[in-house]
Structures are given as structure tokens and as C-alpha cells.
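Written below as C-alpha cells is the structure these notes are about.
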Amino acid sequence: MTGAEEWKLSMGLEDTVPARLHEHGEASWTAERSHVCSIRQANDSAGALPVAGKPEPMARSLASAPVSPWHHMDRGSTTPAKARSHSASYHCPSSSQICVPGVGSPSAGYGDVPGASGHRPNLLSWPPALSRKESFLILTAHNRLRSRVHPPAANMQRMDWSESLAQLAEARAALCVTSVTPNLASTPGHNSHVGWNVQLMPMGSASFVEVVNLWFAEGLQYRHGDAECAHNATCAHYTQLVWATSSQLGCGRQPCFVDQEAMEAFVCAYSPGGNWDINGKTVAPYKKGTWCSLCTARVSGCFKAWDHAGGLCEVPRNPCRMSCRNLGHLNISTCRCHCQPGYTGRYCQVRCSVQCVHGQFRKEECSCICDVGYGGAQCATKVGFPFHTCDLRIDGDCFMVSPEADTYYGAKMKCQGKGGVLAQIESQKVQDILAFYLGRLETTNEVTDSDFETKNFWIGLTYKAAKDSFRWTTGEHQSFTSFAFGQPDNQGFGNCVEMQASAAFNWNDQRCKTRNRYICQFAQKHYSRWEPGP
């Protein structure tokens, strides 16, 4: 690149943002516009972010913070982002994150940069895969930065490296000039909820850790109290990096040419992914509070390294302090008893007939699961679908939050009477969105029933004696869990599960006679077949 060349970065939006790059000697770039920030700026910004216990005025740092033109992009969009360089187009491989041709000073970690003196670099001599040391440094950087968020996070989890996610990231980085996403379904242990951070940089201009610092520097523009990014800025890389419930990380780097310019694609994959929004409002990436104060039961330990500002939730070394009765088997990884037939309860200490007209009888639940279009205790009542009462939709399913309170089985019957079931939360995505929504309801919504006892909400999970485990109302096994720290703990008496307001709406086992509000769910397969009422 000689002289001054203009890059026009179009992301398929109405606005096109110019950024003029100049070469000042070998392998040194600067930018005239604040839309593209240097790696040195990013590192300085990351270091300038307030640390818990050392708050700094956010306004002081905003002037030097990186600003990006892609703040209007929908984080949940499936439309591939596009970028243009020298009037030639290429497709970034990210759909939910932004692929940015950034600029910066050369990284000392790379030594002599191929192509720095102006000749075309040999990509075959460039190491494409991350070494074990680089992977360790990237993971360490993520955990260190996650421990430095401000305000401090009460539920931030420690991340572990995933080779399967790293392979996904390598594959996506290799597709530098295409919008095709790797097949997530072929990756063992990961569902489709995978988050992405993608960055395209001039070759040799940055190490991977510096790119991670660049993403974290976007936090200067993020207002956690409003769950919003500053005007004319993007924070999508930052919010995914510090998404509290993302616990698995894998990254990849690949060299490539973009319009004859040597570039590097930096990609990180996160599971479970984040950056969800609800009714156009983005969900906050973590819960504010004292470090590790809202860890779930699965990650009840608190990890803090020497260079961490705060603690991160992790799996404790000795998670179980219990035993199972009546020949029950204790699963150490889940801290749950698997009971012999005929026994149930948390410790297998508890030793149920209903005629179902239009439905199936579930022995574990001692109740009916109604066919589509029918409700009531015996599934004998034909019901119409209440389309107008959906409070929110998640992945096609309808969720209704009750204004009144009832016992668990009273709530179950009321949902069933409308043709639905108590909510089944089977992924981190649904948990995050519901917790965010209920948190806003807590201060804005009025309860019509004045005798409710708590601000908690029943979901369709109960402890089944015959199965010696928690099961959903439909009888399905509970594969996803979000129990609060120290829960479940009611020793067989709290067999029903609620979303607990005081624990950031993580789960708590509760006595089924407690009066709570509740959440009804109508699956897409149900209302797509529903017969309209008269």
C-alpha cells in the first residue's frame, strides 16, 4: 500500500464509512478516523477500563475509545455482513459479529513481519494454526478481562478451552472471503447457540491477545445499567467476550488475501453463545453484584488468579456433600441421586390414578399431558389458543407470565387449562432472556393477586420419585440446569422448582404449596396446529 488509499467499509447498511489509511514506514499504520482504532489504542483502552473497587468516570475515557460504524447491525441477524476494499467486495464469515479491517502497530510477538517492506508475503510460511502456548494465552486473556469488568459481575463464569470450538473457529477463519458458517450440528457437545467474535487485520499488525484487548476496549462505550452501547458505537465484541454464561472458548487464526492485500482472520467461538435481544432490547451480558455472589449450583466455586481483579464462577473441587438412601446412586458430576424404582425425592427417601380423556398419563407426574387443543385436569376440555396473551416469543415458542399467584399444581392446572404447560427452560438462551424479562417486570409490573408470597415464578420442573431426578412436566429429562448456588437443598420436601428473584432468577427447589406467579409455555408445534376458536 503506497501513498494514501481510501477504504470504504460497507456492511450492507445505508451508510458507508470512509477510513483513510496511511503508510508511515515499514509495517506501521495509522488512521485518521476514530472509526478504526489502532492496536496500541486498544491495549491502552483495555488497561484504562475501570476495575472493580477502582471506579473511574466513564465519560473521561469515551473520547479515546474506539468507535465503530456497525452499531446498527442486529446481533441476532442471519444476514452475512459485507465489507468492501478498493471497490472489490468480500464476505466476512460472521453473521452475528463484525469483521473489521482494523489497523495498528506491528506486534512484537511476531518478530519480522512478512511483506512489511512492500513485497507480497508468502502465506505458506505463516503459521496458520494456534500453538498450545497461544491457545493458553488467549484463554488466560479472556478470563483475566472477564474478571475486570465494571461494574463487577456476580455470575461471571470461568472459561475453559474447547478443541471442538477451536476447530470450528479455524474453519470459519479459513473462509476469509465467504459468508458460509461451519456446520455447528457436526460439533459434539455444542448446540446451535454458539457465539462468534471475528476480526480481520493486516497481516502481522497484531497478536491474538492484542485483538482480544481490542474487543474488550469496546466496553468503554457500554452502559451496563441501560444494557446499551453508546450512540454511534458497537459493543458486540465486548458483550460476547464478557457474556457471563459463556463457559467454553475456542479460537482460530488464518492468513488470507483480500483484494491482493495480506490479511489475517482472527475468530473466537463461544458456547453457550450470547448477545441475545428481546423485543429489540439487548440483554445485559452479566448480573451486577459482588463477585461470585450469584454463581449457580453447577459452578459454585470461585476462581481468582493472581492477576484477576475479581472472582469467576467455576466447578468446585468437592461439589457434593450428600448421600442417597434406599440403594440410590449418587452422580458426583451433577450431585443428584438416581433412585431405584418406586422411590423418589432428592435423597431417594420418598415412596401415586387419573383417567386422561384426550392425553397421556404420566406416572412420575401423577397427572395428564394433554393432546393438542385440549386442557383441564383430565384433558377433557377443548380450548382455543390465546394468541393475544403472549408476553414474549423465544425461538417460535410463546411464553405468558401470570399476573396472579398459585401453588405449583394450581399453576400447572391453569396452564394446562389454557392448552399449555408450565415453562420448560432447556437452553441457556431461554434462561438468559426470561431472567432479563422477569428482572424488568419486578419493578414495572403490578400483581393482581395480593396474597402472593414471593416474587418468584414457577416453571415446569419437579423432582420425580420414580426417576429419582428432576423432570419436566412432559416427562423429559432435565439436560440443562441453572440452579442457584447451594440449590437444590430442600431434602426432598421442596420438590417443585421456581425461578428465584433474589438469585437473579436462577432456580430454587421449593415446597409445592408455596404460592408463586408462574410462566406458561405454548410450543410452536402446538399453536401451528391449533383450531381457531369461534
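Each Cβ is built from the backbone N, Cα and C atoms, and glycine gets one as well.
Because the structure is a prediction, the values reported are computed rather than measured.
Database features, via Swiss-Prot:
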- CYS324-CYS337: disulfide bond (DISULFID)
- CYS339-CYS348: disulfide bond (DISULFID)
- CYS415-CYS520: disulfide bond (DISULFID)
- CYS496-CYS512: disulfide bond (DISULFID)
- 139-270: domain 'SCP' (DOMAIN)
- 316-349: domain 'EGF-like' (DOMAIN)
- 394-521: domain 'C-type lectin' (DOMAIN)
- 47-88: region 'Disordered' (REGION)
Nonlocal residues around CYS415 (disulfide bond), in sequence order (Cβ under 8 Å, 6 or more apart):
VAL421, LEU422, GLY460, TYR518, CYS520, GLN521
Report the mean pLDDT of the predicted model across the domain 'SCP' (139-270), rounded to a whole number.
88
How far is it from CYS324 (disulfide bond) to CYS496 (disulfide bond), counting Cα to Cα, in Å?
19
List the helix, strand and coil residue totals of the domain 'SCP' (139-270) as derived from DSSP.
43 helix, 37 strand, 52 coil
Looking only at the domain 'C-type lectin' (394-521), what are its DSSP counts of helix, strand and coil residues?
30 helix, 40 strand, 58 coil
Sorry to bug you, but what's the C-alpha spacing from CYS348 (disulfide bond) to CYS496 (disulfide bond), rounded to the closest Å?
15
Integer Cα-Cα distance in angstrom, CYS512 (disulfide bond) to CYS348 (disulfide bond)
18
Starting from each candidate's C-beta and looking 10 angstroms out, tell me which of the disulfide-bonded residues CYS324, CYS512, CYS520 has the most other C-beta atoms.
CYS520
